[in-house]
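Features as listed in TrEMBL:
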BINDING   GLN37, VAL38, ARG39, VAL40, GLU41, ASN70, THR109, LYS138  4-amino-2-methyl-5-(diphosphooxymethyl)pyrimidine binding site
BINDING   ASP71, ASP90  Mg(2+) binding site
DOMAIN    7-189  domain 'Thiamine phosphate synthase/TenI'
Amino acid sequence: MPSLGRLHLITDTRPGRDPLTVLRAALPVARAELVVQVRVEDDATDRQAYELARRVVALCRPYGATCLVNDRLHVALAVDAAGGHVGADDLPVRAARRVLGSAAVLGATAREPGSAAEAVAAGASYLGVGPCHATTTKTGLPAPIGPAGVRAVAAAVDVPVIAIGGVTAASVPALRAAGAYGVAVVGALSGAADPARATAELLGALTC
Ligand SMILES: Cc1ncc(COP(=O)(O)OP(=O)(O)O)c(N)n1
Ligand SMILES: Cc1ncsc1CCOP(=O)(O)O
Ligand SMILES: [Mg+2]
């Protein structure tokens, strides 16, 4: 299984956003520390997801960065991505593992120790844990769990914990201290005036 990067950039495909421009800025800075998760809106077609994922895989390859696909595992397979990420509304983790195969990277969403351990037992190779802090990027989320919630999950599993939800460079040290291996962000990069600089700041906070 490929080693996992610490900085996960989730594509922002909301209207008016330009995920590939953000990615082109982040890649030369983060290189193999970057994991790009292709996440499209629920009403996007499979063809749209496929075209975006195909471009992301091609952009990542020269830098040794990893591409994962959110939810749509058939798209992950079709573009030869390194793996995928599933949550409560997606394929169960064990089924996702069967689809992707034993060598793939498979992330699962968890917010408390019990379901986290179950996801790992079912085949998750990392966990996306959160929301850690308030976010406006996704609606309908439960209350933030904060660094203490991350700590509880990290103590219960032996796979990398990727903290997600309202993460900024300023919040990274507390999440790392709580046991997070890395972080996943949308707004911290997509909304940055200078995404290359924001990438460097996040990486600096992750690796110090
Ligand atoms: C790294 C990471 N963690 C959590 C999620 C959320 O996945 P999910 O709960 O399936 O919600 P959607 O992203 O599909 O709306 C994630 N995508 N990545
Ligand atoms: C997809 C997802 N799942 C939990 S929070 C979130 C969005 C995170 O976006 P941001 O980094 O802008 O808070
Ligand atoms: Mg999902």
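Heads up, the Cβ atoms here are built off N, Cα and C, so glycines get one too.
Automatic, uncurated: that is what TrEMBL annotation is.
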Inset, instruction - Enter the number of other CB atoms within 10 angstroms of the CB of ASP90 (Mg(2+) binding site). - result: 17
Inset, instruction - Which residue among the binding-site residues VAL38, VAL40 has the fewest other Cβ atoms within 10 Å of its Cβ, if you could check? - result: VAL40
Inset, instruction - According to DSSP, folded down to helix, strand and coil, what is VAL38 (4-amino-2-methyl-5-(diphosphooxymethyl)pyrimidine binding site)? - result: strand
Inset, instruction - Select one residue from GLN37, ASN70, THR109: among these binding-site residues, choose the one with the most other Cβ atoms within 10 Å of its Cβ. - result: GLN37
Legend entry - binding-site residues: GLU41, ASP71 - member with fewest neighbouring CB atoms within 10 Å: GLU41
Legend entry - Entry from the binding-site residues list ARG39, LYS138 having the most other CB atoms no farther than 10 A: ARG39
Inset, instruction - Take the C-alpha atoms of GLU41 (4-amino-2-methyl-5-(diphosphooxymethyl)pyrimidine binding site) and ASP71 (Mg(2+) binding site) and report the distance between them in angstrom, rounded. - result: 11
Inset, instruction - Determine the binding-site residues, out of VAL40, GLU41, ASN70, ASP71, THR109, lying near ligand 1 in the sense that the CB is under 6 Å from one of its atoms, and give them in sequence order. - result: ASN70, ASP71, THR109
Inset, instruction - Please give the greatest C-alpha separation between any two of the 4-amino-2-methyl-5-(diphosphooxymethyl)pyrimidine-binding residues GLN37, VAL38, ARG39, VAL40, GLU41, ASN70, THR109, LYS138, in angstrom, as a whole number. - result: 18
Inset, instruction - Looking only at C-alpha atoms, tell me how far ASN70 (4-amino-2-methyl-5-(diphosphooxymethyl)pyrimidine binding site) is from ASP90 (Mg(2+) binding site), rounded to the nearest Å. - result: 9
Inset, instruction - Please check each of the binding-site residues GLN37, VAL40, GLU41, ASP71 and report the ones with a CB atom less than 6 Å from an atom of ligand 3, ordered along the sequence. - result: ASP71
Inset, instruction - Report the binding-site residues (VAL38, GLU41, ASP71, ASP90, LYS138) that meet this criterion: Cβ distance to the nearest atom of ligand 2 under 6 Å. Use sequence order and write none if nothing qualifies. - result: LYS138
Inset, instruction - Fill in the CA-CA distance, VAL40 (4-amino-2-methyl-5-(diphosphooxymethyl)pyrimidine binding site) to ASP71 (Mg(2+) binding site), as an integer in Å. - result: 9
Legend entry - DSSP three-state assignment (helix, strand or coil) for THR109 (4-amino-2-methyl-5-(diphosphooxymethyl)pyrimidine binding site): strand
